[in-house]
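Listed in Swiss-Prot for this protein:
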type	residues	note
BINDING	Cys347, Cys408, Cys411	[4Fe-4S] cluster binding site
Amino acid sequence: MAKTLYEKLFDSHIVYEAEGETPILYINRHLIHEVTSPQAFDGLRVANRQVRQVNKTFGTMDHSISTQVRDVNKLEGQAKIQVLELDKNTKATGIKLFDITTKEQGIVHVMGPEQGLTLPGMTIVCGDSHTATHGAFGALAFGIGTSEVEHVLATQTLKQARAKSMKIEVRGKVASGITAKDIILAIIGKTTMAGGTGHVVEFCGEAIRDLSMEGRMTVCNMAIEMGAKAGLIAPDETTFAYLKDRPHAPKGKDWDDAVAYWKTLKSDDDAQFDTVVTLEAKDIAPQVTWGTNPGQVISVNETIPNPQEMADPVQRASAEKALHYIGLEAGTNLKDIKVDQVFIGSCTNSRIEDLRAAAAVMKGRKKADNVKRILVVPGSGLVKEQAEKEGLDKIFIAAGAEWRNPGCSMCLGMNDDRLGEWERCASTSNRNFEGRQGRNGRTHLVSPAMAAAAGMFGKFVDIREVALN
């Protein structure tokens, strides 16, 4: 029977499936961080259980840490408590932790692939909704809740119901200046933020194949923003080249055997998908969100839609509420919107490719007078090291940006990098919900190049019209 890639991954990890019951899956890799793991470890202690497979779990500090200091003792409040708890719990159980004293530390979905912990064919879970990022490698990866974190620590398994399969094909090649972020925002704009509900999405097509692994991670990272359980891209030579010689990747004959297996990880030609969506790559322009969910997005040259012209009453009400919060009116041209802050970072867009794109825009330019702050936050210590080796940090600083240490930073209002009330931000993160970047903060999701350009010109511009240096 022909199968989709998702079906192959799911079926090959079933440990036990009783008739009429939810299957139990084996979990190859478990990634943890300081926010969703403390209660899970407490649960283990209360039940007098041990971590079943210590070598399958890896931790990092990212969500609540400061991007300005690297000393745990200088952290404050809840952040300090969470970080110290993670340190205590990993030491007590023998779990490998990439803490803030190491250059390997970083955002969990940047650190995992960098270290070769993310491999094709795996099941990967983390107490974080953007775990779908790892699906870029042909792994079945999804976020889980804290009680499930405890269950995986104790059993290395997880009950998981089958999802539907969706194929999203992006045909042809994108135009110059169009990035992975534009592709995924255009997809979400077409499907809406609920279009993938109940599905695992496989992204395919020439435009997807042309992406680097960094770009593919950006696409899969935001699969959750269209309601999908997970996102997948079948592994290929681009995948193998990225993984070769990574610290935790197979070596020698094991590598050869692994690649031979990985090459089988693709949907069969006659596999049946429950839902199929197609986009033409040539039609995708630079994207900017105008509302309070990632599906409220249009091309930079368009005007904000009029809610009264929306046939769906739910969509109309959502748009009206979003415009009231975001402080904009229907018919406004996106290129007339000024920004107060710029954030370049997050598990969506904080890798070296993203920073290079931002630097190409900022080189030789200065921050616009109306822009209060530009934060550039690398996704890991290794990304930071590489960026500084290339001199990107000097470009950012010369342009008036702040060059920070690795962390989730302003993606979410959980640390000390936040927007002020009613400030407007051009952000490379993945969510533009109300208050996501700080109380009453207003977020517009864009690519790294678009964010950098907004910082230099003080408003949204079409990156295709900006000279790159």
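Just so it is clear, glycine is given a Cβ too, placed from its N, Cα and C backbone atoms.
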Environment of Cys347, Cys408, Cys411, the listed [4Fe-4S] cluster site - residues of the same chain whose CB lies within 8 A of the CB centroid: Asp62, His63, Ile107, His130, Gly345, Ser346, Thr348, Ser350, Gly407, Ser409, Leu412, Ser429, Asn430
Three-class DSSP secondary structure - Cys408 ([4Fe-4S] cluster binding site): coil
Neighbour count (Cβ, 10 Å) for Cys411 ([4Fe-4S] cluster binding site): 29
Cys408 ([4Fe-4S] cluster binding site): tally of other CB atoms within 10 A of its CB: 29
